[in-house]
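What TrEMBL says about this protein:
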type	residues	note
COILED	12-39	coiled coil
DOMAIN	39-351	domain 'Kinesin motor'
BINDING	GLY133, GLN134, THR135, GLY136, SER137, GLY138, LYS139, THR140	ATP binding site
Amino acid sequence: LQEVERSQKSLLDQQEERIHLLEMERRRLHNDIQELKGNIRVFCRVRPVLPEESERQQGLQHLHFPPQDPKTLVLTQPDKSHVGRERQLERRYDFSFDRVFPPGASQQEIFQEIQLLVQSALDGYPVCIFAYGQTGSGKTFTMEGPQTLGTPESRGMIPRAVCHLFQSSHDLAGKGWQYCFSVSFLEIYNESLRDLLLSKGQRAPDLDIRRVSPSSDELHVPNLTWVPVETEQEVLGLLQRASSQRSLAQTGLNDRSSRSHFVFQLRIRGEHQARDLHCASSLTLVDLAGSERLEKSGSVGNRLRETQSINSSLSSLGLVISALCNKEQHIPYRNSKLTFLLQNSLGGNAK
């Protein structure tokens, strides 16, 4: 019996070693695939026409989605006649993205495209996902889901990403990995940081972005509330609380326009005690404030200052992404609080 026990233990050790090697190989291959797809990707989602828009806009005849190419969006525009030149029937503009989602695309289809990136966060790579677009284009719906209680199918990217992470971490527990998670919610409003998890009446401390130590490039926000979480329901409760405290206002383009950048960050710490292995990363999902044209929004006073701040920070984000794509020596992270805060989630091996 002792001989059988020793044999079984030896076999078990061999199998555990094999499982570990396969898991590390999976992580390597998974990252290779993500890098081949591109560490920086742009998806385009077209939302359907809302009921209140149907009178002035008859469908989406000017947008075309080639069925054989899910990466192309074609925009056509009737050409206005000008004296002295021949009138053309319509102008055509072709746009290419890493993926295009037509109005009928579901939340699940969107999440399937970013699910592998969420897995990268669990594997130890910083991941940052932005929802970018004009005010009223559906960014908050994509990231959070409907404002009122909706169906499970309408859940946004934040609830789906959190659910996937908790399920995957539970699966990895069988391979010896233990994970702990903590979350924060903040908004960047007029280039100032606001903690969205403070209780009502609680005095808000001044928040700023600092280096963790003089010798480190890692950044953090002292006094920002971080809440340890163990279940998806805990995160959804915090999301609801944070969303209710976000800066919203009515403008000429949107009755409930987000006037700030809404930043959800999930810290991930993984440990394999038997092999003394550790991994740390973050998953950041950002519902950006909506861009507006001043002549259309009719913003004045505080709304005007908000719009100018929003458009300026979005321009800074565009410059940073462009510099990263072109592999430039200098990346202008410090041009805005948004890009400076997310510096560690944008450069290097981040997705």
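Note: Cβ is positioned from N, Cα and C throughout, glycine not excepted.
Because the structure is a prediction, the values reported are computed rather than measured.
Across the residues of the domain 'Kinesin motor' (39-351), the predicted structure has a mean pLDDT of 87. For the binding-site residues given as GLN134, THR140, the lowest number of other CB atoms within 10 Å of the residue's CB is seen at GLN134. The most densely surrounded of the binding-site residues THR135, SER137 is THR135 (count of other Cβ atoms within 10 A of its Cβ).
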